[in-house]
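K.L.:
A single structure is presented below for examination.
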Amino acid sequence: MTDAPDHRPTMAGITIVDRMAQAMPVLLVPILLVLGFLAIGNPSSWLTLTVSGLAMGMMIFIMASGLTLVFGLMDVINFGHGAFISVGAFVGISVVLGLSQWAQAPSLVLNLCVVLLAVLAAMVVTGLLGWAFERVIVKPVYGAHLKQILVTVGGLIVIEQLIHVIWGPDEIFFARPETLKGAVTFWGAALEKYRLLAVAIGLVLFIAMRMVFRRTKIGLIVRAGVENGEMVEALGYRLRLVFVGVFIAGSALAGLGGVMWGLYQEVITAGMGEEMMILVFIVVIIGGLGSVEGAFIGALMVGLLQNYIAFLEPKLALISNIGLMTAILMWRPQGMKPVVKAK
Amino acid sequence: MSDPILRLEGVHTDIAQYHILQGVDLEVPRGAVTMLLGRNGVGKTTTLRTAIGHWGTRAGRILFDGEDVTATKTADRARMGIGYVPEDMGIFSDLTVEENMTLAAVSGPLVPARRDWIFGAFPPLRTFWKSPAGTLSGGQKQMLSIARAMAEERRLYLIDEPTKGLAPAIVSTMAGALRELKTQGASILLVEQNFAVAKALGDHAAVMDDGRIVWTGPMSELATDAGLQERLMGLSMEAT
C-alpha cells in the first residue's frame, strides 16, 4: 500500500481544571458522604443513614436505568414506566405471600429463594408487559413527544386499574422474609439487613450493566445508539430491534425495582410506581439523558441527601430532591453525564 | 454505461415540506470513483442520504447491484455492502477509537490485517486506539469516520465531503487513503468541494443543480474545461 503522507498526531493536553470538571460528578457522592458526616457528627447515626440512603438510591437506580436508556435510544418519554414498577411489586409480593411458609421459615437459604423467585416472576411478567406496551402503545407514536406523554399516561392509568381488578383496590401489607427482618449492629450503628441486601443487589446490577456496556457488542450498540442512532443503522444494525430489547430489559428492571421497593416498604399499592416516577425522573434528568452512570450517581445522591436532610431538618426533606435537581441543572443544564444532547 | 453498482432512477426526496431531490438520475460505475459535484444546497448530501436510506423517496427507484433497494431499510442496505461516511462524520464520541472500529466490523471481529492496513492509511488511529473518540481533533475524527467505513470490504462507499474544514496535511492523508481504496478497485460515490482532490481522485463526475443531475461525464473533461465548470458550478476553478 502507498505510504501515508507525513502527519504527526498531537492531542491538546487536558488541564487540571478540565480533569476536575470531568471527574466532578463522580466525586459528588464522596463529597456528599463527607458533608453528611460533618453535619451529623455522630458516626453511628451517619452510618445508619448512609446505608439507608445507599439502599434507597440503589433501588431508584434500578428503576431509572431502563427509563434513561429508553429515552436516550429512541427519544421516547415513557410515563408508563411507573406501571411496570407497580406490576412488578404486585407479582413479586404475590409470590412471597404464596410461599409464606418458606418466607416465615428462619432459614436464610429458603428466604433468599423466595426473594429470588419473586424477583424472577416480577421480571418475566414486567418484561412481557413491556414488550406488549412497546408494540401496542409506544410504537405508533415514535417521534411525537406530546402523543407519547398522553398515551403512556393513559397506559399507566389502564394498568393501575387492572391491578385493582386483579388484586383488589386496597393496599396490601405484608412482612419481609424472616431472616431479612431486623438489623445487624456494626460500629455502634444499627444496619437493617434488608437495606444491606438492597445495596448489594444494586451494586452487582450496576457492575453487571457496566460490563455489558463496555465488554459486549450489544452494549456498544446501545451506547452508540444513544449517541447517534442514525449512524448505528448506517453501519448495519437494526436499532429498532435493539430498542425493543432495551425496552423489555428496562421494564423488567422496573419490575425488579418494584419488588425491592415493596419489600423495603412492606406495603404495596397500585399507585406506588406512579409515586416513584417523580424520583425516577429527577434521577434521569440530573444524571443526564441516556446515561446509566449518570443515573447511578444521581440515584445515590438523591437517596443520601433525602436521608441526611430528613435527619437534620425534617421539614426540608420534602424539597431536598427538587433543590438538588435545581442546583445540578444550574451547574450543568444537560445533567451530570449527558449522552444525548438536549432535544 | 453497463451494469453500474448503484443506479438512481428519477428519485424524488422530500425533507419536511421541502422538495429537495427533483428527479435524480445517476449511475455509479463499478470499480471507479464518481465525484458528485455542485454548489451548496443543490442536493448532494440528500442524494447520499437517500442512497443509504436515511431519507425515503417520494418517487423513483434505487438499484444497488441490480437489486431494487428503494424500500430496503438503512441497516439492510449497509449489510448488503454499502459503507457510508456522513458529512458530520457520525463519530461516537463516548466510545474509544477501538470501540468505534469494533462496531464498524458488522460481520465479526475486526480482522487484524485489515486493522493494520487502516493504521497504515491513518497512523493517528494507532496512536489514539484506546482514547475516547470525542477527544480526537477534527482531522483525526474524519480519519476515524472513513476508517470505520473501511473496517470491512464494501461493495460501494458513499463519502460526503471528507476533506471539509481540514488542514492541508490532513487533506493529503485523506486523499492518500481514498487513492488506496481506489487502487483496490473500490466503487466510490464521493461528494467533494475541494476541486483539486476531486480532480486527482475522480474517474467520473456528476454535477447537480436544483435537485437534479445536470451533467455527467469523465472527470478529466470537467477538470480541463473552465467554461464548463463556470456554467455548471458558477465559478471557474483551476482548469488545467
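For all residues, glycine too, the Cβ spot is worked out from N, Cα and C.
What TrEMBL shows for this protein is this:
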- A:21-40: transmembrane segment (TRANSMEM)
- A:46-71: transmembrane segment (TRANSMEM)
- A:83-103: transmembrane segment (TRANSMEM)
- A:109-133: transmembrane segment (TRANSMEM)
- A:145-167: transmembrane segment (TRANSMEM)
- A:194-213: transmembrane segment (TRANSMEM)
- A:241-264: transmembrane segment (TRANSMEM)
- A:276-304: transmembrane segment (TRANSMEM)
- A:316-333: transmembrane segment (TRANSMEM)
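Are these features on the surface or tucked inside, and what touches them?
P.N.:
Nonlocal intrachain contacts for the transmembrane segment (A:21-40), taken as residues 6+ away from its ends with a CB within less than 8 angstroms of a stretch CB, comprise 46, 49-50, 294, 297, 300-301, 304-305, 308, 311-312, 336-337.
If one looks beyond the transmembrane segment (A:46-71) by at least 6 residues along the same chain, the residues whose Cβ comes under 8 Å of a Cβ in the stretch are 33, 36-37, 40, 77-78, 81, 85, 186-187, 189-192, 194-196, 198-199, 201-203, 205-206, 209, 222, 226, 243, 246-247, 249-254, 256-258, 260-261, 264, 276, 279-281, 283-284, 287, 289-292, 294-296, 298-308, 311, 340.
Panel annotation: around the transmembrane segment (A:145-167), residues 75-83, 86-87, 90, 94, 129, 133, 137-138, 270-271, 273-274 of the same chain, lying at least six beyond its termini, place a Cβ under 8 Å from a Cβ of the stretch.
Packing against the transmembrane segment (A:194-213) from elsewhere in the chain are residues 51-52, 54-55, 57-59, 61-62, 65, 115, 176, 180-181, 184, 219-220, 222-223, 253, 256, 260, 263-264, 292-293, 296: each is 6 or more residues past its ends and has a CB under 8 Å from a CB in it.
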K.L.:
Short question: which residues 6 or more past the ends of the transmembrane segment (A:316-333) have a Cβ under 8 Å from it?
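P.N.:
Result: 278-279, 282, 285-286, 288, 298, 301-302, 305-306, 309-310, 342.
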K.L.:
Which sequence-distant residues neighbour the transmembrane segment (A:241-264)? Criterion: at least 6 residues beyond either end, Cβ under 8 Å.
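P.N.:
Non-local partners: 55-56, 59-60, 62-63, 65-67, 69-70, 73-74, 81-82, 84-93, 96, 115, 118-119, 122-131, 133-135, 138, 176, 180, 194-195, 198, 201, 205, 218, 221-222, 225, 232, 272-273, 276.
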